[in-house]
Amino acid sequence: MSRSQNEEFQQWWNKQRNRDHDGGDDEAFLTVEIRTPAVDPTDKDRIRTRTLRQLSRLYLLRLKQLASSSVWIASSFLHLLRTANRRIANDNPPSSTSSTRLYRLIKAFLVVVVLLLCFELAAYFKGWHFTPPSVASAEAAVEVAYAWWLEIRASYLAPPLQSLTNVCIVLFLIQSVDRLVLVLGCFWIKLRRIKPVAAMEYPAKPVGEGIRLEDYPMVLVQIPMCNEKEGREDLALVQTRWAFVNKDENLLTRLQNINLSFHFEVEQQVNGVFINFFGFNGTAGVWRIKALEDCGGWLERTTVEDMDIAVRAHLCGWKFIYLNDVKCLCELPESYEAYKKQQYRWHSGPMQLFRLCFMDILRSKVSVGKKANMIFLFFLLRKLILPFYSFTLFCVILPLTMFFPEANLPSWVVCYIPGIMSILNIIPAPRSFPFIVPYLLFENTMSVTKFGAMISGLFKFGSSYEWVVTKKLGRSSEADLIAYAESGSLVESTNIQRSSSDSGLTELSKLGAAKKAGKTKRNRLYRTEIALAFILLAASVRSLLSAQGIHFYFLLFQGLTFVIVGLDLIGEQTLEHRHVLPTPILPRCNKADHQTALDLVSMATIRKVQLMQEKGVYFLPYKETSLKLYHDLKKDMCHIVQDCGTVFNRCSTRVSLGVELAFEIRGDARN
């Protein structure tokens, strides 16, 4: 029986190794000669034919796979387009006229950008980027058209674009300097430990005739400077800081916390210490009734009535105090839809107010410095210029400079200065440093909403006067509601209706629902953000052709951020087993409903005190004239079956309690 080939090879290999060890030929390498066995010439044609047949079958199989893949991709793409079109059509149409007009402009801009990209891609593959053709030397029609385009672009289009770019850069630098000055002012306050000082200490015991402790009963939490004995005579408002119970709930709430932490820690505190003026935040503050009456009371002419009354009170000579160390628990919107509507209202209202009170500012008796601060810093720079240059510079000019290379946008404007500003913004919330890049990209994404809102308020579009309550999940009062449900107190009842106004009976009757079943929320499609995403991604492709590194990466990641936001992939998407109170849109209080609202708020305040004893509540001491009302209404607590203080909003809770100071009871900041 013959040995196998492996054994023969092993024997040969051992013989060669023994020969090398015995001092044979001292060669560095072992050379093995391998010969191809001879093939009969008659078999060559048969092998070649078989090989061609196998290759043809292989190519046909590959072609079939490619065709099936192409059909699958095309059908999937068409299905995606149909779904997107159906989703956009079924969603509530945008109520904002300015948003619709802005979307049309952005859609036209997208068409122009896509055409320019196709033109530039054709020129790139022709090699015209490296050797641009001239009109005289061009031969083909396409080459002549491209040569004419280069001349028109360089002579007529690039210069105005460069001028607009320079204007936006100057505005960007001015706003950055303002932000830097605010941060330095905050550091100075921390370094010198500057805090408001009470004009008179609260007496622990009666010190003379006419002073009785009954006039200032014990409360759960006493806000400093709110007692009429502690506050100065010219003090109109004491504003406290918001603290958020759901700031770590998702990425959207974390990014909101960065913005609002800077607003309270830096802007409000610096303005309160050095200017004694800032915008009232709508909640977590105490107003002097005399100041409210002096400046005309609450008006319904804008959607930012809290800022409106603060501006009018400042023009009347009243001063404000901000307390950064006193915190009021509030709640952030967890869905992008709610957050977008909130930001739209917050940025359209100031422009309405600026139009209405501009002449009042000029005619007021305050100093020239205060007038200049209110016009140029408070309104123009921080409410108008900021959303204007943010949207124009990063969503319009930057993509255009990729297609108009003659207009230059420096890399330090695109990357370095925004990065430094983001670091300054995130200092009051140091735990949020890992989110600095998402914060920068998300702020640029929100610029389109803020810009549209600013235009709407400035030019009096009808949608700027719509006021919709920000939808929240009720996390700030969730523990109370669960306790209600467990104790069986949360039952369907219509007792509250006898104290409510006729205009709000339908909404208030819904407060008896014990639970609101959690349901999956369908993601919305935001067409404006998606259109801007395609514009930025197309500009990133053009930037890649020109080998512009920083611009390419910024456009790429900014475009992807617009895609994520446009597909509603940021924020809360589902509500799972949450005890949520309905959020009715209550009408504004009129004079006829004033007493009814007073009764409701008084009873809600008593109930709030009872429920939040262990947590603490910012509650105002009553005067003797209101003590009787306090004790009388305490007997009717059985009629209050829910925490009304977390439901009532706007001026329905902003009513006078018949004391010198009135407190804003909206504990969860539904503004």
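Every residue, even glycine, has its Cβ placed from backbone N, Cα and C.
Predicted automatically and left uncurated, TrEMBL annotations should be read as such.
Pulled from TrEMBL, these are the features on record:
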type: REGION; residues: 1-25; note: region 'Disordered'
type: COMPBIAS; residues: 1-15; note: compositional bias 'Polar residues'
type: TRANSMEM; residues: 105-125; note: transmembrane segment
type: TRANSMEM; residues: 164-189; note: transmembrane segment
type: DOMAIN; residues: 233-402; note: domain 'Glycosyltransferase 2-like'
type: TRANSMEM; residues: 384-403; note: transmembrane segment
type: TRANSMEM; residues: 525-544; note: transmembrane segment
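With a threshold of 8 Å between CB atoms, the same-chain residues lying at least 6 positions outside the transmembrane segment (525-544) that come near it are 84, 87-88, 91, 99, 102-103, 106-107, 109-110, 113-114, 116-117, 120-121, 336, 340, 395, 398-400, 402-403, 445, 448, 452, 551-552, 555-556, 558-560, 562-563, 565-568. Residues 265-267, 269-270, 273-274, 377, 381-382, 385-386, 388-389, 392-393, 397, 401, 407-410, 413, 417, 420-421, 424-425, 427-428 of the same chain sit 6 or more residues outside the transmembrane segment (164-189) yet have a Cβ under 8 Å from a Cβ within it.
Looking only at the domain 'Glycosyltransferase 2-like' (233-402), the predicted model's pLDDT averages out at 93.
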